[in-house]
Amino acid sequence: MLKFRIIRGGLRLLGIRRASTVPAASPHARRLEYKPIKKVMVANRGEIAIRVFRACTELGIRTVAIYSEQDTGQMHRQKADEAYLIGRGLAPVQAYLHIPDIIKVAKENNVDAVHPGYGFLSERADFAQACQDAGVRFIGPSPEVVRKMGDKVEARAIAISAGVPVVPGTDAPITSLHEAHEFSNTYGFPIIFKAAYGGGGRGMRVVHSYEELEENYNRAYSEALAAFGNGALFVEKFIEKPRHIEVQILGDQYGNILHLYERDCSIQRRHQKVVEIAPAAHLDPQLRARLTSDSVKLAKQVGYENAGTVEFLVDKHGKHYFIEVNSRLQVEHTVTEEITDVDLVHAQIHVAEGRSLPDLGLRQENIRINGCAIQCRVTTEDPARSFQPDTGRIEVFRSGEGMGIRLDNASAFQGAVISPHYDSLLVKVIAHGKDHPTAATKMSRALAEFRVRGVKLFAPPCPYALPSPRGPWEGSGSPALLFRLFKPGSLLGHIQTNIPFLQNVLNNQQFLAGTVDTQFIDENPELFQLRPAQNRAQKLLHYLGHVMVNGPTTPIPVKASPSPTDPIVPAVPIGPPPAGFRDILLREGPEGFARAVRNHQGLLLMDTTFRDAHQSLLATRVRTHDLKKIAPYVAHNFSKLFSIENWGGATFDVAMRFLYECPWRRLQELRELIPNIPFQMLLRGANAVGYTNYPDNVVFKFCEVAKENGMDVFRVFDSLNYMPNLLLGMEAAGNAGGVVEAAISYTGDVADPSRTKYSLQYYMGLAEELVRAGTHILCIKDMAGLLKPTACTMLVRSLRDRFPDLPLHIHTHDTSGAGVAAMLACAQAGADVVDVAADSMSGMTSQPSMGALVACTRGTPMDTGVLLESVFDYSEYWEGARGLYAAFDCTATMKSGNSDVYENEIPGGQYTNLHFQAHSMGLGSKFKEVKKAYVEANQMLGDLIKVTPSSKIVGDLAQFMVQNGLSRAEAEAQAEELSFPRSVVEFLQGYIGIPHGGFPEPLRSKVLKDLPRVEGRPGASLPPLDLQLLEKELIERHGEEVTPEDVLSAAIYPDVFAHFKDFTATFGPLDSLNTRLFLQGPKIAEEFEVELERGKTLHIKALAISDLNRAGQRQVFFELNGQLRSILVKDTQAMKEMHFHPKALKDVKGQIGAPMPGKVIDIKVAAGAKVAKGQPLCVLSAMKMETVVTSPMEGTVRKVHVTTDMTLEGDDLILEIE
């Protein structure tokens, strides 16, 4: 039967009386000879080894380090006078636990004494005895005292005999789960398991119910065994919400014992101390006296020598309970040194030499508290991921320093590798001030100065032949391969530290008031509202390095380098820009704005240079960086413009997909720079800015948020002129408070009586419906540039006669070369606004020339009021900017416009894209056939209005026909057997609406067979999207900084947005790079500046690129602000030929990834097993801490990807549940 003991008054008195029978140690009981120590070996690693080496150096003692095979790059071996490898072939932790190797090194190298540090062998009596047997002094208590204090059960019995109160618990280590059950039955829950032969939180588990008992018993036993070589446990009643107070003691070999006051170690996470304070704030003086008196009493009871710590729990009633003695130096000894001015390591060494405490000037009456000290342990643990340790390579390390700050460094330096095998401590930061608030302020300031930057690494694969570095334009530079092989957050993710969490602790009012207990972290969830480090410079270097190694991150149609010179930005006058039409809109609203447009004398222009022009000529690749440069000039010199088209359409997804920009941020920044000119966007009716149908609430919310961010005019169109889709877009734009410009998409030729499908009557009928629906402005959207001057006159004059008070706006493309003539004809017929582009961005598949329209109307009733000289300067800028995008310029393959557009009716932007695609597919010489097939495909589908997305459907079918060598007749005859492009099938199903004249039969029936058909407006049947739920999911994936704009981007382009967020979390801020650097990266030895924000500029120089290493990486060297920086970049071409463990994807619910790097020590399920939510799946061990991976869902295990003893990196795929 297991026996338990509770402290009662009588028993305590008995303990005191029994203690009195033990002979007290006396200074005269023995005579010891003083033997100076000449060489000290530290049987430890990292920070504590360095701390002891420094003390030895100050005392003139030679130092010896030991290190494992995994620690060859650690700083502690460089800080010692000598360093020797131990534990060859052993596991990382076992190397430092291998006593024979350590003793052998000590003997072979004439070591006088061994300092054990903390952890590892520091509390192993057999190690202390082995040192003594080998004739080497052990800097610590005697082996017998180490044994007694290391066995927590025996230490507990000694405390009882000394009259020190203890927590109810077992008298001896338990040997079975049954005994734990028995204890729980007697004392109830909660209880706590503790390792009998070690501390530091290892082997410690709190249990709150019988259901948790078995799992926690097994985990505590396994952890204790791994950390201390002995899995023995004892069990205690768990005291809830206590303060954890420990007393520093120091004894010599003559029986002198003194205390150096207490430390408050209550701020803990998983029973491991995070922040330590000396002295404990607001500690009752009488309680302090009892704690220190009991500590000295207990030390004298066992004849304690050297440094040690007596630990207590103090409950809410001020009662204290002994929990253990740490017979070694503590991690937090530093705060005691700061407030007492006693060097504990010096004292340890001197005591081991045989000197007495009085000899050292250490008498209890002389020990005084001087101020307050706080210690923070800076680690690479990520608080946002339950403090899972990050491992990888440190690329930047800058510490906080200054008055009152002490740093005890572990191995934090540029190039250091944080290993998964050991503790993730980087540095201990100790702040000393006159009181607790002062010390907290100094600590907070110091932590704010830290800069720790690094990337997570993964285990290197098998050796790989080292190819030569490729040129910047060779191979696949797209990061898509990188993101398929590895989850961005783990492979390219940046090392996180606990500094943001520590800063939250230091700013917490409860902490500043000094009223914390061991539940402080658990009860303050706001501590985890972390402000992430910007890490901007290092992210930029990673991007530049990636481009230098792998080539451009955006697909490049042709091999053409960006212009080496930047465009010339014309001068801009100081002061605000002149008033423009937006001032009227803001003052009078959409209706008043429309009246002002209609009443305006002269022709108004809309500039498409910021959107449609570069979409047509430069594959929509123009970056916000170049738009912002010219924006102030536009605001000051083109205030008479009707509007600037700068958003929506293809620019929305391309910004995220290829330019890695937030389209909303573009809108916000341009709005700030151009406050006086209305902005206009392209809204695809019920498709918003996407290519498919969305729930109605998404379209309405999109327009609302766009208006809030500065959009003014919504050009609403539908690719089929399908009225239900148009009306939805108009209603959404109108409800948002925007100017509604309903657009009729134009095709055919109203002047050709043989073209009867799209006649003048058809367009007039559409106009009647749109005007009745309440449009503010009516637009004719001629996407292919089919409007000839005669047709312009007929259509516009008819509209003007029918709607004399309605502003008319005409949009065309200049593919045929007749665009200027057509727009002049429209103006003469009564159009109020026509679309133009800067001269150097006009013509071909873009809009007509701004300069030509300005010049042709100057001095006439249609005078635009725009200065021609301003147009010239504007054009010069864009001519230079266009050179930066040479790889995307349509002139690389297309040298002129073509009047055959009147036959094939290909929209301007699509004409450019098809030309590029034909050349990239080797069909450049067959582009004539592609255009012919486009005509046939259009007729097959019933002669459609061709605007995105209907134009894409026709184009997809045309390319399908060319690739398969099919004529129209053959495609129609074989329609039942052919696998048509998905876009064609979905069109025939009715997913984008109903075309004028209906669907083509019998083609539709042949293609669809039994596939479902959509009746009516496609989006009408879609249920509303839960935007709040989507926001919550985005926060879970991407963190707290998710905006309403982000939610809409994810709603419309979920995959594109997810990739964009992952990419920019790894690389960025890319908008600060000029376009040549963004596309091509720097050349070796090139120096350049990057302005992050006003007053913060980086000076960068690219230095070199290394050969490929075994992990498929190249090291890229830079000079940043005069300091050397190097980064490791994955070579995507080399990685194609290497094998890596797959990563778990966040957005795939059933994929379970490793929460931290570690070793698989137990797998609890197999493929095919049924699992419940919360059920343990496997157990990982890392840094001597075990973590149980539980199932986040109920389901069946589809596949297990790991085996026992396998070493995993963070987020490695463990198993899949379905």
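Cβ from N, Cα, C; glycine included.
Per TrEMBL, the features are as follows:
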type     : residues               : note
DOMAIN   : 36-526                 : domain 'Biotin carboxylation'
BINDING  : LYS152, GLU236, HIS271 : ATP binding site
ACT_SITE : ARG328                 : active site
BINDING  : ARG684, THR948         : substrate binding site
MOD_RES  : LYS781                 : N6-carboxylysine
DOMAIN   : 1149-1218              : domain 'Lipoyl-binding'
MOD_RES  : LYS1184                : N6-biotinyllysine
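Annotated features taken from TrEMBL, shown on the structure.
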residue: LYS152; record: ATP binding site; contacts (Cβ under 8 Å, 6+ apart): LYS194, ALA195, ALA196, TYR197, PHE234, GLU324
residue: GLU236; record: ATP binding site; contacts (Cβ under 8 Å, 6+ apart): VAL167, PRO168, GLY169, THR170, ILE191, ILE192, LYS194, ILE323
residue: HIS271; record: ATP binding site; contacts (Cβ under 8 Å, 6+ apart): GLY201, MET204, VAL206
residue: ARG328; record: active site; contacts (Cβ under 8 Å, 6+ apart): PRO116, GLY117, TYR118, SER122, GLU123, GLY140, ALA307, GLY308, THR309
residue: ARG684; record: substrate binding site; contacts (Cβ under 8 Å, 6+ apart): GLY649, GLY690, TYR691, PHE717, ASP718, SER719, GLY729, THR948, PRO949
residue: LYS781; record: N6-carboxylysine; contacts (Cβ under 8 Å, 6+ apart): ARG715, PHE717, ALA743, ILE744, SER745, TYR746, HIS811, VAL947
So for THR948 (substrate binding site), how many other CB atoms are inside 10 Å of its CB?
20
Additional residues surrounding ATP, by Cβ distance to the LYS152, GLU236, HIS271 centre under 8 Å:
GLY169, ILE192, PHE193, LYS194, ALA195, MET204, PHE234, ILE323, GLU324
What whole-number value in Å do you get for the largest C-alpha pair distance within LYS152, GLU236, HIS271, the residues recorded as binding ATP?
16
Tally of residues which DSSP labels helix, strand or coil - the domain 'Lipoyl-binding' (1149-1218)
0 helix, 38 strand, 32 coil
